[in-house]
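According to TrEMBL, the features are:
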type	residues	note
REGION	69-94	region 'Disordered'
TRANSMEM	100-117	transmembrane segment
TRANSMEM	129-154	transmembrane segment
TRANSMEM	174-193	transmembrane segment
TRANSMEM	364-383	transmembrane segment
TRANSMEM	389-406	transmembrane segment
TRANSMEM	418-442	transmembrane segment
TRANSMEM	454-475	transmembrane segment
TRANSMEM	487-508	transmembrane segment
TRANSMEM	541-561	transmembrane segment
Amino acid sequence: MESLALHSFSTATTTSFSLSSRTSLHLRSKPISKSSQPSISASLSFPTLRSPLKPLLFSPLSRQPKPLLSPIHATSQNDNTPSTETTTPPPPPPPQGAKLLPFFISISIGLIVRFLVPKPVDVSPQAWQLLSIFLSTIAGLVLSPLPVGAWAFIGLTTSIVTRTLTFTTAFSAFTNEVIWLIVISFFFARGFVKTGLGDRIATYFVKWLGKSTLGLSYGLALSETLIAPAMPSTTARAGGVFLPIIKSLSLSAGSRPGDSSSRKLGSYLIQSQFQCAGNSSALFLTAAAQNLLCLKLAEELGIIISSPWVSWFKAASLPALVSLLLTPLILYKLYPPETKDTPDAPAMATKKLESMGPVTRNEWIMVGTMFLAVSLWVCGEALGIPSVVAAMIGLSILLLLGVLDWDDCLSEKSAWDTLAWFAVLVGMAGQLTNLGIVSWMSGCVAKVLQSMSLSWPAAFGLLQASYFFIHYLFASQTGHVGALYSAFLAMHLAAGVPGVLAALALAYNTNLFGAITHYSSGQAAVYYGAGYVDLPDVFKMGFVMALINAIIWGVVGTVWWKFLGLY
């Protein structure tokens, strides 16, 4: 899941090829600096992966840890003078409270809308006041005067203090089923990492397909596709499973972050996995938390999708699979690795699997629980079991059998942070819909589109492109959904676009724009933070692959959706 609050696997003990190279992901509200990279301890790394084209330039086994600070001893000319030790002064404490410029800008946006922009006749004073608070909250998500949870709480408090919303109404979204399903998905992701199940699955694909760099890329992409429906967080998949594997393979091939050797192997594998993740998430309803939110918001606008898991998969299957099959090959041509063949990788994976031993009891429990959860998500409507109840059953099994303990859940701070800020955002968006703001905005857009004499297919393309490229202003996929999904869906409906088609296409788009920048999603921050890809390459390849995905989904999706009867 891809919120500004990234996963922190503080108790996870399983990584892929390098057991000690844990990736600790923290809350980031601005682009990740490449100067601080997770350390890689080489003592547990795999044997060196040699390219047949070039000799090994670097072996992680040769690196020795160095102290971060070395005391400096100053001795005078008199040998009898005792030495003195000079230590580096402690850094100044970080500034506390809100950052002033982002704070004033965020507040000013709301005040301008509330007091300087004339209120439309068709909009009530309560709705207009709530819109101003909502816009200030969204501005704060982008500019980050405070951590996102704190800023959302201030927005919630403002809506109550100004009597725009009652206390009960303001907190109503905290009982939203989809939000709790998102929270539980964080715990499922922790289970995958803690048991090492995701690690084992990915290692098998490396063993089967890893004889070449292109084969490695396909193996990693296919393994993510396999575990995605049961691990509903791209950030957790990236940081807990795939980045450790990619880093260890790259270091063993002499591909180091932050220098020219990164192009040997690591930069290509990072780019390929990063770009494939959006299609893996778009393929399954339960592969990313924002997918569930999209359908919930669509329901509030009257778009009901029967058998949602199956309907989602059918509509996404052909364009997503075509894109997954083409992306590694396209990047292999546009962003080629220097190392083309990796003949030792399967043997390394075999050795890694031997060191892991047989499948453990907790891994088998995780497999059974996820199979049960996915089955209930697929068939839950026929059985009368909501998706969130299926997730609660799965989590209860993991707790009862000791795969997870309650401390694991409590320490998953990003889950609770997401509950706090996301419930505020969804609650405000829902009240804007109830108070008529969304319908008023969609009516205004519909009049503009009608004045341009656009057909609904043309309006569909224009609105989808606008929704996609606006994400350059957002650092969160779920934040983008909470802020704009309902409004854009209403605009589609006002322009005459079939409802189910509009709802699903916007939701698929939400996954695809997660790879356009280094801050566009949780997994973007994880992969960029590894240090293998330069910032200009992130933006360049993100834009190029966005256009390629638009062509694939636009051409293949249009034909496929017509065949399925979505329009």
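Glycine too: its Cβ is placed from the backbone N, Cα and C atoms.
Note that TrEMBL annotation is computational and uncurated.
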**Asked** When only pairs 6 or more apart in sequence are counted, do the transmembrane segment (487-508) and the transmembrane segment (418-442) reach 3 or more Cβ pairs under 8 Å?
**Response** yes
**Request:** Mind pulling out the one from 129-154, 389-406, 418-442, 541-561 with the most Cβ pairs under 8 angstroms to the transmembrane segment (364-383)?
**Result:** 389-406
**Request:** State the non-local partners of the transmembrane segment (389-406) in its own chain: residues 6+ outside its ends, Cβ under 8 Å from one of its Cβ atoms.
**Result:** 180-181, 184-185, 187-188, 190-191, 194-195, 362, 365-366, 369-370, 372-373, 376-377, 380
